[in-house]
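Enquirer: Copying in the features that Swiss-Prot gives for the protein in this structure:
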BINDING   149-204  ATP binding site
BINDING   Asp275, Glu288  Mg(2+) 1 binding site
BINDING   Glu288, Asn290  Mg(2+) 2 binding site
DOMAIN    121-321  domain 'ATP-grasp'
Amino acid sequence: MKRTIAIVAGGDTSEFHVSLRSAQGIYSFIDKEKYTLYIVEMQGTRWEVQLPDGAKAPVDRNDFSFMLGTEKIRFDFAYITIHGTPGEDGRLQGYFDMMHIPYSCCGVLAAAITYDKFTCNQYLKAFGVRIAESLLLRQGQSVSDEDVMEKIGLPCFIKPSLGGSSFGVTKVKTKEQIQPAIVKAFEEAQEVLVEAFMEGTELTCGCYKTKDKTVIFPPTEVVTHNEFFDYDAKYNGQVDEITPARISDELTNRVQMLTSAIYDILGCSGIIRVDYIVTAGEKINLLEVNTTPGMTTTSFIPQQVRAAGLDIKDVMTDIIENKF
């Protein structure tokens, strides 16, 4: 019998529509001869299954099921592709743990740690991972322009400590831009990160592990035509994504080994993607860890799967079957 898979998308942040695009990608990638697929759209308390006829059916949150005519359909597995709350921060993982429904990505602790960029980077710093100098501001806290310039320097990035897709991110070059950038970041999250700018080559590397194998993809080099890799660059083509990256075999291996180590340190599961900046002297600096990376047909992970000579359908099967 086919397993019934929920591709869980949507969420409660600005990344709602990005998540739905990832869900369509995943729907196209998963082997439909092995699995019955439904996209489950979540937004606040609205949990709905997209039905083949275009209608939507409410999800019973008591057991994560829905009615298809007179038949009650239960899900065997959840592929979480929500970018942001509640699917990337551990909340939904806790729900599925209580429902005893296996899912595609990291558990509660790893998801919660990685969703908060400051917490994740400070945690990994304790294991010897290089990170940028940074300051954290919580709601209600303030920092003077002088402190930012003295402790972090300019240019710097001011961004939400939570979330992704570069919503609320500003590259700050002048003193006058500091406070408006903080206000903008607080519109997206309750914690704001002030982070030193690092000059170098931006790389991103995906990885997944199952009970019997480790797969580390070829890194991608990110060359943006914008000021930085912002939403416009990510989703409107203002970037060159070069896979595999134009770096030496030795540096490629170091990036891949660091990605694998970060996966293990955090106790990850499923596919992750780690973003880096390589600065002078080939120093590898962590930018952030993504535990529910974008999965549109043009996203980094599908690119890296192709560059590795793998079939994305087989990768999806690995992720699902590893939980049974």
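Cβ atoms here come from the backbone N, Cα and C positions, even for glycine.
Keep in mind that this is a model prediction, so the values were computed, not measured.
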Enquirer: Where does Asp275 (Mg(2+) 1 binding site) sit in DSSP terms: helix, strand, or coil?
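Expert: Reduced to three states, the DSSP call for Asp275 (Mg(2+) 1 binding site) is strand.
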Enquirer: Let me know the model's mean pLDDT on the domain 'ATP-grasp' (121-321).
Expert: 92
Enquirer: With Glu191 (ATP binding site) as the reference Cα, tell me which of the binding-site residues Asp275, Glu288, Asn290 is the closest one.
Expert: Glu288
Enquirer: By Cβ count within 10 Å, point out the most packed of the binding-site residues listed: Cys156, Met198.
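Expert: Answer returned by the neighbour count: Cys156.
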Enquirer: Compare the C-alpha of Asn290 (Mg(2+) 2 binding site) with the C-alpha of each of the binding-site residues Met149, Thr170, Lys184, Asp275, and give the closest one.
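Expert: Ranked by Cα distance from Asn290 (Mg(2+) 2 binding site), first place goes to Asp275.
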Enquirer: If you draw a 10 Å sphere on the Cβ of Glu288 (Mg(2+) 1 binding site), how many other Cβ atoms land inside?
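Expert: 18, counting other Cβ atoms within 10 Å of Glu288 (Mg(2+) 1 binding site).
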Enquirer: Long-range same-chain neighbours of Thr170 (ATP binding site), Cβ under 8 Å, sequence gap at least 6?
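Expert: Set apart from Thr170 (ATP binding site) by at least 6 residues yet with Cβ under 8 Å, we have Phe157, Ile158, Lys159, Gln177, Pro180, Ala181, Lys184, Ala185.
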Enquirer: When the number of other CB atoms within 10 A of each residue's CB is tallied over all shown chains, which of the binding-site residues Gln177, Asn290 has the maximum?
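Expert: Per the Cβ count, the most surrounded site is Asn290.
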Enquirer: Could you list the residues of the same chain, at least six apart in sequence, whose Cβ is under 8 A from the Cβ of Asp275 (Mg(2+) 1 binding site)?
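Expert: Looking at Cβ-Cβ distances below 8 Å from Asp275 (Mg(2+) 1 binding site), excluding near sequence neighbours, one finds Glu202, Leu203, Thr204, Leu286, Leu287, Glu288, Val289, Asn290.
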